[in-house]
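What TrEMBL records for CYS318, HIS377, ASP401 is active site. The Ca(2+) binding site annotation in TrEMBL covers ASN441, ASP443, GLU491, GLU496. Under the heading domain 'Transglutaminase-like', TrEMBL lists 310-404.
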Amino acid sequence: MPPKVNRIWPTRKVAPNSTIKNVLEVSAVDMCIAENGRAFHTDRYEMMGNPRPSKLPTQLVVRRGAPFTVKLQCNRSYDPAVDTMVLILAVDAFGSEKINFGNGTEVCILVQPQGSSGRGETVPDEWSATLSETGKEANGKVTHTVTIFTHAKASVGKYNMKIHCRLDTMDTKSSFEKAPPLYLLFNAWCERDDVYMKDEKARQEYVLNDTTMLWRQMPTKEGMVSWNVGQYEKDVLDCALWVIAVTGRVSPTYRGNPVRVVRALTGALNINNGPGVLEGRWNGDYADGVSPLAWSGSVKILQQFFNEGMQAVKYGQCFVYSGLFTTVCRAVGIPIRIVTNFSSAHDTEASLTVDYFVDPSGNTADDMSSDSIWNYHVWNEVWMARPDLTDGKYDGWQVVDATPQELSDGMFKLGPAPVVAVKNGEVNVAFDTEFVFAEVNADKMYWAIRGENGVPKLLQTNTADIGKDISTKAIGVNDREDLTSAYKHPEGTPEERQVMAAALKLGSQRYSSCGVAKRLLVPQVSNYTGEGSAEWVKLQLNARGNHVLGQPFGIELIVSSTRDGEDVQVVGTLWLKHTDYTGKHSEEIRKVPVDLTLRPLQSASVPVEIPFNEYNNPAFDQSHIKALSVLEVPGTEQTYFTQKTFVLAMPKIAMSLVDDRPQTGGFTVRGTLTNPLPVPLTGGRFVIEGSRLTQPSEQAHGVVAAGATASFQYPINMAYKGPTVVSARFIAKELRNVDGHLEFELAKILQG
């Protein structure tokens, strides 16, 4: 017996009249997989399968802070007068990690008979174990049922269990060290756990649901994209624990602290801090990897990472990082949801402004500012208490973001930042709240530059365009829930102005003085006269017709005179450019000269229509076209600017469930996509993911002619009959950003 076990034995019992001469011996352990799986909502984990689809040994998954049951097969009945039984549970070490009693990663539990007093009784937040039942088997062996209660703050991870018995009257001992390992997760059902959620429907959605929806391009049904979370699939839980421990460098002592875990994950999922799971790329060159638009879920990413030497997978963007974060957190039991912020600011200068410097050619001078406004940005919210902060005020939803953007504590990571602190402008609250506040509240400022040494002139400021239509999946349905009011007060209200003032004051070190100085220039836009009068014209960009990829693209620039009593001449340029969703990469499509003379209070339209062959550019995903215009009134200081990004509607993959039981004995998902472009599609492939117990699939297509249809078939594993969402993507050289999904439940279909 190892010396450390000798140290944990209690004082020997005295039983002079006992006739028992042989020590109690454990020969097998039944982890009660089915019973525990139902009790802990863990029966869907692949490792809990009996038998497992992977043919590996079954392993138990439970949640901390609640009792689970095991059955011990022994050589005789347990006698409380002479027998002492001790369980030792130890965190499974990664590499050279130190696992011991002193740091709480190894626990010794004295098993007590049910109903006995003292340490064996179940006490909240204490490890304990009780022996509750005894039965005899046909082979003469005796079965003892032991209930084990885990600490609500225990380290999360894989545990190894050993069972030691002692016959007190003779001081003889036995040990059983072949018990199957078990996994201990965070527990949103336990009130003492920091991730506790009171609402059962919320737990079902944010912990148990293995599919979700996110929003890209637009906050409408057309912008809704399915994502296969897949937290129950093979290797996913093991991979999640490896990432937390090794890539995230969370020591076993702190793996029970959800704040530390999620903060580490924000840096561990990207590669900007060293080895990580997913490499980000936004330049359109994905030849040596997978386009971010091709991923339909997290399972394939994590399985590839886990089974191919922990090498970073190529490539991801914000929505992929968010989906990946969702999978890792739900796998270990942390409630999480995906959030999309439309018109999301990236304020690199800590000024609470996003500055665009525009030259006479309509180009932005990127060397003058690295700020940007993303058409949308996707991050996550995790639900947890914040005992590291004050009085429970900041408990609840916390923003976390694994997309590498800015340094925090010397690493690319963000959060957890309390959403309530963001709304109230409390930008000094940990962690990185000030950056999130800027993402949803920064002001847009546009500046005109003239020549190399010209002083920038403020053209336009907009305080209401940043942080719009903040979206997440609603509980229980595949619909959008608007979260904007959780992040900010309505624009223009006294509360909104007070919050901005508070943020500038609290963030005096983060939000530099240049932000205050630039705000002093705002009156130059709203009241600048130049010739002793207010602004002379107003500009507006509108869509003309429906914007559908493959069809002509039309917009119009409306120029309206505000002068009463005199004509106004305006000259300048309207540009149309390709852009990606980050707004940082663009390429000119067409340049339209503008020269108008407006009668008093008159409006004029500058219509533009561009055929597909002119705006077609495979280097971009083709769903974003930016229009911008700079106009001047000759002979005055009047300069005007407007900009708007238009999103083209993309085709959807049509999907249906086909009953193929007469032929194959099962069901098949069939998907079709009609080429909407007037050119052939080359190098096309479908990527499908989502059926429980069915591996992700990739199906290639050669050439799809204009107007022709490509299709796929995806078999459904009949072993799981619950709610299912199958997600699909289509990627070709000429067409990207195409998706579809199908929802069904086999149990209901089979019932007729």
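Note that Cβ sites are derived from N, Cα and C of the backbone, with glycine treated the same way.
Automatic, uncurated: that is what TrEMBL annotation is.
Structure with TrEMBL features highlighted.
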| residue | record | contacts (Cβ under 8 Å, 6+ apart) |
| --- | --- | --- |
| CYS318 | active site | TRP374, HIS377, VAL378, TRP379, ASP401, THR403 |
| ASN441 | Ca(2+) binding site | ALA345, LEU352, ILE466, GLY467, LYS488, VAL499, MET500, ALA503 |
| GLU491 | Ca(2+) binding site | THR463, ALA464 |
| GLU496 | Ca(2+) binding site | LYS488, HIS489, PRO490 |
Chain-mates of ASN441, ASP443, GLU491, GLU496 with C-beta within 8 Å of site centroid, Ca(2+): THR463, ALA464, ILE466, GLY467, LYS488, MET500
Residue among recorded positions ASP401, ASP443 with least C-beta crowding, 10 angstrom cut-off: ASP443
Collapsed DSSP category at ASP443 (Ca(2+) binding site): strand
DSSP-derived helix, strand and coil totals, residue by residue, for the domain 'Transglutaminase-like' (310-404): 15 helix, 41 strand, 39 coil
Helix, strand or coil at GLU496 (Ca(2+) binding site) [DSSP, three-state]: helix
Secondary structure of GLU491 (Ca(2+) binding site) (DSSP, helix/strand/coil): coil
